[in-house]
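Just below is one structure, and these are the notes that go with it.
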Amino acid sequence: MAFGVYKVPEEQKTYAQMTPQEQAEEGAKKMVELMQSCPGKTVMAGVSGFFLGGFFGLFMASMSYDVPIGTNAVSNIRDLPFKQQMKLQFSDMGKRTYSSAKNFGYIGMVYSGVECAIESLRAKHDIYNGVSAGCITGGGLAIRAGPQAALVGCAGFAAFSTAIDLYLRSDSASPPKNDYDE
């Protein structure tokens, strides 16, 4: 029953009382709420960063022409049998992939958590959240190396975050009249 613009809220149905379509809509609504929460964003950034870092690490390890990490005792890897060479290469590739995945996941998780916390505290969604989160993340990750490294980390992460945010927000600009006017 509606009175003007105000609509009286309906009673909440249990899942047993809902149709399959209503159950699907309710499940999708709960999933969106979870993904938009700070813990959800933080976990998703960590997992996404882990997989992206894994692919990046695998690619970089496959392009590496130097001696594998754990083979300092081997004077010349070419002197080993082919099977042993392959074993060392794949072992090294796995270590590099996991290391890169772990680092990307950690950085993504920390940055996303800090940005979400800042956005919640400020109650605004603007570029300053990303800049501040970049500075805090970069400084926090480099603090063990000293205050100068923390300052450089802060500036570097803030600049990178600003560049990415500006690029992602550039879609709101009007498109060029033709391909030559940019």
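Cβ coordinates are placed from backbone N, Cα and C, and glycine is handled just like the others.
Database features, via Swiss-Prot:
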- Cys38-Cys116: disulfide bond (DISULFID)
- Cys135-Cys154: disulfide bond (DISULFID)
- 43-63: transmembrane segment (TRANSMEM)
- 127-143: transmembrane segment (TRANSMEM)
- 148-168: transmembrane segment (TRANSMEM)
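Just so you know, the Cβ of Cys135 (disulfide bond) picks up 22 other Cβ atoms within 10 Å once every protein chain is counted. On a Cα basis, Cys116 (disulfide bond) lies 18 Å away from Cys154 (disulfide bond). Outside the transmembrane segment (43-63) by six or more residues, the chain places 35, 92-93, 96-109, 111-113 with a CB less than 8 A from a CB of the stretch. Same-chain neighbours of the transmembrane segment (148-168): 111, 127, 130-142, counting only residues six or more beyond its ends whose CB sits under 8 Å from a CB of the stretch. When the disulfide-bonded residues Cys38, Cys116 are compared by the number of other C-beta atoms lying within 10 angstroms of their own C-beta, Cys38 comes out lowest. Mapped onto three states, the DSSP output places Cys154 (disulfide bond) in helix.
DSSP assigns Cys38 (disulfide bond) to a helical segment in the three-state reduction.
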